[in-house]
Amino acid sequence: MLDIKFIRENPDKVKEACKNKNVDLSGLSVDWFIDSEKEKRTIQAEIENLRAEQNRISRGGKDNESLISQAKELKERIKNLEPKLSLLEAELKNFLLSLPNIPFDDVPVGKDDSENKVLRKVSGAFKLPFTQVKDYMELGEDLDIIDTKRAAKVSGSRFGYIKGGLAQLEFALMQFVMDVVKKENFVAVIPPVMLKDEIARGTGYFEAGDEKEAYFLPDDKLYLAGTAEQPLVAMHADEVLEVKELPLRYLGFSTAFRREAGSYGKDTRGILRVHQFDKLEMVIFSKPENSRKEHELLLSIEERMMKLLKLPYQVLDICTGDLGRPAAKKYDIETWLPSEKKYRETHSSSNCTDFQARRLNIRYKDESGKMQFVHTLNGTAFAIGRILIMIMENYQQKDGSIKVPKVLQKYTGFKIIKHKA
């Protein structure tokens, strides 16, 4: 959510952000908001003046018929103004929640993901020493470590059983991430994955249509989390943090749930795009002046882990049209998938400035004693299913077995996933 004062003083920046982020304001405009917000303040002032007059009259004596008549008139005027104020406040709040965050000046302007900017490639296109490359599903079924057929029998499409050595590899990845991020003072958290309505909306994704992607339990009025970012950021809702605590860094592990309503026909086979997956997510609460440095830290951690796994990847600077509403700056990492001969997204990291903190009322008291909103940042440590896919394909051997990345072998206790004897 944007600061109302910022909107009043920078209407052109807000309009430009809406245009560059492809945000449809449903027929309303920034100018309408500014005019209506001014009208709201006028009505509020009028009601306050009428109430002050009521208080003055009430001190004039209950037996004065003239004052009694004036009091009734004032009460009626207030009664007529209050519904108008309530309606205007609701309209303004809904509009305010629909506005996107303002992109940083160095974010490339572009209409969609086709205009994202490649910042660097690491290791180039990965070349296996043989030509008959198998895709991860062929490998997984041959080795009996992925089973989507039985998962479909149990749960329907876009689910999978992860078994045997691949399941052990997932646990290894979790411990690997823990060992990497603890050096940067991240606190491990296993958050709840069911969210109240106001919490689910607090991170700012629903206005962009992500509500359709969320699973909802109507009897309990709870949403299933689509990422650990949601409960981790909301953990400090309506709190005032100590400045000496900042930055607060968390590593959350959770199962994530997504309907994939907008992905009809995309990646229908396998476990690349599923309704349920495990994810390790980093979240940081930062002072505003340090948030860009914290964002670079998130990206550096993601790249460090990719380099330790020796997976080929590229880093993207995300353009305005693909940025999403909450983010002011976003990087993606895409990893090389040999069977498709292209890079696929495995990580993202975003600086959401004070956009989420305003919605969730997360503040801190600065060194001068002034209340400020924190900046929130998030970054993927691993969307585990996707990184398992990348390891399987890039570490496959000619005989159909899969080598375990050297950095993970101390956690797995084995060096290769092979066919059962």
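The backbone N, Cα and C atoms fix where each Cβ goes, and this holds for glycine too.
Curation plays no part in TrEMBL annotations; they are all automatic predictions.
Residues annotated as coiled coil in TrEMBL: 33-91. What TrEMBL lists as domain 'Aminoacyl-transfer RNA synthetases class-II family profile' is 173-405. Annotation source TrEMBL lists L-serine binding site at T227, A228, E229, R258, E281, N378, T380. What TrEMBL records for R258, R259, E260, V274, H275, Q276, F277, E345, T346, H347, S348 is ATP binding site. Here TrEMBL flags T380 as site 'Important for serine binding'.
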Quiz prompt | E260, T346, S348 screened against T380 (L-serine binding site), Cα within 10 Å - retained binding-site residues | solution = T346, S348
Exercise. State the count of C-beta atoms found within 10 angstroms of the C-beta of T380 (L-serine binding site), not counting that atom itself.
Key: 24
Practice problem: Can you figure out which of E260, H275, F277, T346, S348 (the binding-site residues) comes closest in space to E229 (L-serine binding site), comparing Cα atoms? | Solution: S348
Quiz prompt | Rounded distance in angstrom between the Cα atoms of S348 (ATP binding site) and N378 (L-serine binding site) | solution = 8
Practice problem: Consider the binding-site residues T227, A228, R258, E281, N378 and say which one has the Cα lying nearest the Cα of H275 (ATP binding site). | Solution: R258
Quiz prompt | Cβ within 8 Å of the mean position of the Cβ atoms of T227, A228, E229, R258, E281, N378, T380: remaining residues of the chain near L-serine | solution = G226, Q230, L232, G252, A256, K279
Quiz item: In sequence order, what residues of the same chain, 6+ apart, have a Cβ less than 8 Å from the Cβ of N378 (L-serine binding site)?
Solution: T227, E229, L232, V233, E281, M282, V283, I284, L298, S349, S350, C352
Quiz item: Judged by the number of other CB atoms within 10 angstroms, which among E260, E281 is the least packed of the binding-site residues?
Solution: E260
